[in-house]
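K.L.:
Would you mind keeping the following structure in view while I ask a few things?
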Amino acid sequence: MPCPTLDDCRALDAADPLRPLRDQFDLPPGVIYLDGNSLGVLPRETAARVQAVVTDEWGQGLIRSWNTAGWFTLPQRVGDLIGRLIGAGPGETVATDSTSINLFKVLSLAMHLQHRRGDGRRVLVSERSNFPTDLYVAEALCRDRGWTLRLIDGDPQTALPAALGPDVGIVMLTHVNYRTGAMHDMAAVTAAAHAAGALMVWDLAHSAGAVPVDLNAAQADFAVGCGYKYLNGGPGAPAFAWVHPRLSAALGADDWSTLAGWWGHAAPFAFTPDFQPAPGVQRLLCGTQPIISLSALEVGVRTVLAAEPLGGMAALRRKSLALTDLFITLVESRCAGHGLTLVTPREPQRRGSQVCLTRAEGAYAIVQALIARGVIGDFRAGDAWQPDILRFGFTPLYLGFEDVWHAVEHLRDVLQTQAWRDPAFQRTQAVT
Ligand SMILES: *Cc1c(COP(=O)(O)O)cnc(C)c1O
């Protein structure tokens, strides 16, 4: 295939049925934003919504708004909206707390369920390349409950089956790897975990709103995910938690997480001294939720749901793959000879909505030089067993094909002119 030209990219934009979705956002002029996988962009409607929640619902409604503005049920209502993006039915998802905290609750409930089963399973399997907070939460709970955290390395298609045995109680994986963009086959991995007698916990931080997910079809047990990445909920937006309805229905009065709180109680305003769990996933709520943040998250989730009349997640996925394919093709032709290596799997079905590159030298400075030109991606440091990474996220809601062209041209220029060697780009900041 000949390398696409700028005109080809413009033609792709002109023919793109999802193009109008971009108007939902206020992107700063001169910015090509390739970091929606880390912090989604600001929807146009968010400021007005937050303003209304503050001035009207809080300012005028005061405490009445818990009922009259529906504040009390906001975790369930936003959870149901998110559910439409991840193959969950109504009542199966709650928007609440952070991803880390939701993982703690879900893992502690999963451990409790395995203890109750009583066959001595005390191993939690995950990947060494998983996002660190997932591993820290797992490590803390394992230490507390006398479990062992077993981390697999390398290709999970071979490493995972070898790690599964009669001692494994939980498999906890992130669907799309935050560093490499590699994506698991959710249904196949879940089936393998179940065949081994383990419960399956998925982290959808880089999946929800980015790739089609069908938790019910995959028969997963638990899932958590992030609100501030592809769901555009804003910095520190609430996350979400999901429980399979089959599992929910089987939860008894004694089956709750270690982080019990009054919002997860069957009757919070009965103020009973003992904990009696609400039905299903609602028992995973803990305390009073950040209503202003949840309201902003609702606006963000709706920007993704706006794709439903245009083909929904399937259409977003088609465009996402077209964008990432284009990026890979352009990098490999326009930046050839500059030492860049593709880290993300080339096969479409094995990658999420991001592309990661590595380079022996200067990865951090190259990303800084790109940011200085308005091309915003990010950098993830390597270590003894994985390389430094230049990470580029592609959000089909607001990115066009011409954006990809210009991003690669900037990358080529930064490499060709060695602009990245400027000392200003070597200084490490707190957040990379
Ligand atoms: C982004 C991300 C998180 C973030 O967790 P917080 O509790 O919001 O800090 C967790 N896990 C994965 C896999 C992520 O990608």
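Note: Cβ is positioned from N, Cα and C throughout, glycine not excepted.
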K.L.:
Considering the pyridoxal 5'-phosphate binding residues T99, S100, F131, P132, T133, D134, T174, D203, H206, Y228, W262 given in TrEMBL, which of T68, T73, T288 is annotated for that site as well?
P.N.:
T288
K.L.:
To what whole number does the mean pLDDT across the domain 'Aminotransferase class V' (33-236) round?
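P.N.:
Summing pLDDT over the domain 'Aminotransferase class V' (33-236) and dividing by its length gives 97.
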K.L.:
Measuring CB to CB from K229 (N6-(pyridoxal phosphate)lysine), give everything in the same chain under 8 Å that is also at least six residues away in sequence.
P.N.:
G36, N37, S38, L39, G40, A205, H206, A208, G209, A210
K.L.:
Which state, by DSSP, holds F131 (pyridoxal 5'-phosphate binding site): helix, strand or coil?
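P.N.:
Once the DSSP labels are grouped into three classes, F131 (pyridoxal 5'-phosphate binding site) ends up as coil.
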K.L.:
Ligand 1: which of the binding-site residues T99, F131, T133, T174, W262 have a Cβ closer than 6 angstroms to it?
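P.N.:
Result: T99, F131, T133, T174.
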K.L.:
Can you tell which of F131, W262 has the most other C-beta atoms within 10 Å, given these are the binding-site residues?
P.N.:
F131
K.L.:
If you measure every Cα to Cα distance among T99, S100, F131, P132, T133, D134, T174, D203, H206, Y228, W262, T288, the residues said to bind pyridoxal 5'-phosphate, what is the biggest one in Å?
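P.N.:
So the maximum pairwise Cα distance among the pyridoxal 5'-phosphate binders is 30 Å.
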K.L.:
Using a Cβ-Cβ cut-off under 8 angstroms and a sequence gap of six or more, which residues of the chain neighbour T174 (pyridoxal 5'-phosphate binding site)?
P.N.:
E127, N130, F131, D134, W202, D203, A205, H206
